[in-house]
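Data block below; observations after.
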């Protein structure tokens, strides 16, 4: 049942990802690289600010909701969206004031004209972001899945149309404002009759929610900064045209977060409830199973994408963005870290301060290492040194998270994960890449190489996985977990 819920959310995010991927494919053809780079810089500002102003509400919902009685939950929902409403008003006023100050002090600043509208968009999306967490907590995983798909379809329809009507960063800003307004109305139409319309029982616990949520919000902000330090530095030291190319190369790793996020929305509340009752062995089993299943996703993904990287980038975004391939290849080294960097046990046990301190220290190390590589390397290596620093710091953070997770569960690292099974999955993933990589020597066209490499790799992986016992493709339960509908 648990695996099927996770699979539902993963399918939802996978479909949403596929739909969302069509957006940059369209935009790279409708916008010149300078305008596309400016638009992505605005998105970067939005992502960074939103991470802080969410105040950890998505995670606090996962922590408090399963610990409360049904009659007490409306108070949690009213309190959560009340906090988000105040944060929304604050960010709109803040960005409006910032635009006014720039008009006086730096009238030629390239982002000046966009700030107020960007603040409005950020404020609207603050009210939308925790919605899918709420649906999952209500045991409505399929509704959460269809919400993801619906919102992505909305973006897919509106954003390319906005770029076609007004091929500029301002045109894109108008487009995302339209989509955000529709999403907010959808969320409010759902939560108002269920939670906000009637009276609530139970005392307010704003202080407790903020005590849990603010460290999480700060941690999320630092995580976003840490993940995007490379983009900040590229935006500062390189042109918007180079930023546009770099963004395409770095686009992929954050997107794969939908897999771990889907699992977290289901598993973390279970861990929180188990931790409340002291059932550490149950948490250990949940964690071990999750790491194993996620490794079976991320390890073959990393190898397969490395094989088709060149034709994939050129086919999707045209040869103008072929310079993104080296950045893309470096970022693929992050995918194998995903199954091991799960902070779910620490979140479920309330160790938000540890996560905050870890994220802050890793952010500082990332800044120092990235800047050092930027100023010491020469030529094209200046640009590539930045993602290398991000990869190194991410793996370092993963080691600390695993160590603290083992301490929390009171077990040695050797018991934390099914290491033998993971090693076998790694071997199978690498061996499956051999016949797929051999297609490169034939000299095929990019389109044929892309399709052929993907098909050969998938078939080779499934056959080897069955032979090595990684997957039992004859087991009906395997496909029930993969197709939970």
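From the backbone N, Cα and C atoms, a Cβ is placed for every residue, glycine too.
Model, not experiment: these values are computed from the prediction.
TrEMBL lists 6-31 (among others) with the feature transmembrane segment.
Here TrEMBL flags 43-61 (among others) as transmembrane segment. Under 8 Å from some Cβ of the transmembrane segment (43-61) lie the Cβ atoms of residues 76, 80, 83-84, 87-88, 90-91, 111, 118, 121-122, 125-126, 129-130, 133-134, 137, 209-210, 212-221, 223-225, 228, 231-232, 235, 268, 347, 352, all in the same chain and six or more residues away from its ends.
Listed by sequence, the residues of this chain that lie at least six past the ends of the transmembrane segment (114-131) yet keep a Cβ under 8 A from its Cβ atoms are 42, 45-46, 49-50, 53-54, 57-58, 61, 80-81, 84-85, 87-89, 91-96, 98-99, 102, 147, 169-170, 173-174, 176-177, 180-181, 183-184, 187-188, 190-191. According to TrEMBL, the feature transmembrane segment maps to 114-131 (among others).
Cβ atoms under 8 Å from those of the transmembrane segment (143-165) belong to residues 8-9, 11-13, 15-17, 19-20, 22-23, 26-27, 30-31, 131-132, 135-136, 171-172, 174-176, 178-179, 182-183, 186, 265 of the same chain, restricted to positions at least 6 beyond its ends. Positions annotated as transmembrane segment by TrEMBL: 143-165 (among others).
According to TrEMBL, the feature transmembrane segment maps to 172-192 (among others).
Long-range neighbours of the transmembrane segment (204-225) within the same chain, counting only residues 6 or more positions beyond its ends whose Cβ lies under 8 Å from a Cβ of the stretch, are 47-48, 51-57, 59-60, 63-64, 75-76, 79-80, 83, 232, 347, 350, 352-353, 355-356, 359-360, 362-363. Here TrEMBL flags 204-225 (among others) as transmembrane segment.
Annotation source TrEMBL lists transmembrane segment at 232-249 (among others). Same-chain residues lying 6+ beyond the ends of the transmembrane segment (232-249) with a Cβ under 8 Å from its Cβ atoms: 24, 28, 33-34, 36-38, 40-41, 44, 225, 313, 317, 320-321, 323-328, 331, 370-371, 374, 382-383, 386-387.
What TrEMBL records for 323-347 (among others) is transmembrane segment.
Residues annotated as transmembrane segment in TrEMBL: 354-377 (among others).
Remote same-chain partners of the transmembrane segment (383-402), defined as residues 6 or more beyond its termini with a Cβ less than 8 Å from a stretch Cβ, comprise 226-227, 229-230, 233-234, 238, 242, 246, 249-250, 326-327, 330-331, 333-334, 337, 340-343, 346, 358-359, 362, 365-366, 369-370, 372-374, 376-377, 413, 416-417. According to TrEMBL, the feature transmembrane segment maps to 383-402 (among others).
Sequence annotations record features per position, and here TrEMBL assigns transmembrane segment to 422-442 (among others).
Positions annotated as transmembrane segment by TrEMBL: 448-470 (among others).
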Same-chain residues at least 6 beyond the ends of the transmembrane segment (354-377) with CB under 8 Å of its CB atoms are 215-216, 218-219, 222-223, 225-226, 229-230, 233, 237, 343, 346-347, 384-386, 388-390, 392-393, 396-397, 400-401, 404
With the cut-off at Cβ under 8 Å and a gap of six or more residues from its ends, the chain residues touching the transmembrane segment (6-31) are 39, 136, 141-142, 144-149, 151-153, 155-156, 159-160, 163-164, 167-168, 172, 244, 248, 251, 255, 258-259, 261-263, 265-267, 293, 316-318, 320-321, 481-485
